[in-house]
Amino acid sequence: MKGLKNQIMKKTSLFICTLLFISSIVFYPKISFAYPFWAQQNYESPREATGKIVCANCHLAQMPTIAEVPQSVGADSVFKAVVKIPYKNDLKEIGADGSEVPLQVGAVVMLPDGFKLAPQERWTEEIKEETEGVYFTNYSEEQDNIIIVGPLPGDTNKEIVFPVLSPDPSTNKEYHYGKYSLHIGGNRGRGQVYPTGDKSNNVVFTSSTAGTINSIETIEDGSYQVNIENDNGEITTEAVPVGPQLIVKAQDKINVGDPLTNDPNVGGFGQLDAEVVLQSPYRVIGLIAFFIGVGLTQILLVLKKKQVEKVQAAEGI
């Protein structure tokens, strides 16, 4: 019964996030998105065998991501994993229609097996305040230890708090006390490549041939066609979508790979690993007992020393 309830909750959560995703496209088509959604739809796991998080396949620029997790946590306890996605305030980028739009952010946290998103009834008031307006989704029904967030407005979500529930090895022998690794990724802004391999308009467009720019045509939607004539008189047409700014003009001589536009991208992706220790309560008790024992030993040594000094003083030594 409990498993059926969890499955229904997962499907409901995914349905809500999908509705939000679709409605955001319909009602806010100019917003610039950072899509963990794409990774979810195209990769069985968000982390490749090399350790690279797959978001980096589309978001080619690198920018820092910072994570804060506690050094150690107790069994069956709720703790915060904080992902920080810094960028300059009021920064805007090129949207899909070529207009300037605010940046969006997204994040993925790959928790160790047994760790998962804490149920809301165990969230503290502080966590509820810090996660207001944030929707968490499991990467898949089978992987409740992988949590994705986004797209979210970047100006108010440069820090994303993930409420995490640790496992209890005393009730589930599949898990153990000790050190665990977390894999974390954070992104701001749109990608440069779609999962299909096609370029977005948020990237530098380059020439695929060498020659002289014969002419530049402006299309009705604001995009360009750059016609390049090689030494044999053959014309190659390079399509440049709306958004990037041309940095070439007619009669310019160019080589293969030379940029035709500026680089409009201002966002980027970053990933890092973190560690957390699942602390055994018996180990904590033992450690406390050890420190108490050391403290008592020190006190006894001091008392013994004073006693010896008194005896020596009485004997005139």
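Cβ from N, Cα, C; glycine included.
Copied over from Swiss-Prot:
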- 1-34: signal peptide (SIGNAL)
- Tyr35, Cys55, Cys58, His59: heme binding site (BINDING)
- 284-304: transmembrane segment (TRANSMEM)
Site of maximum Cβ density within 10 Å, from binding-site residues Cys55, Cys58: Cys55
His59 (heme binding site) CB neighbourhood, other CB atoms within 10 A: 28
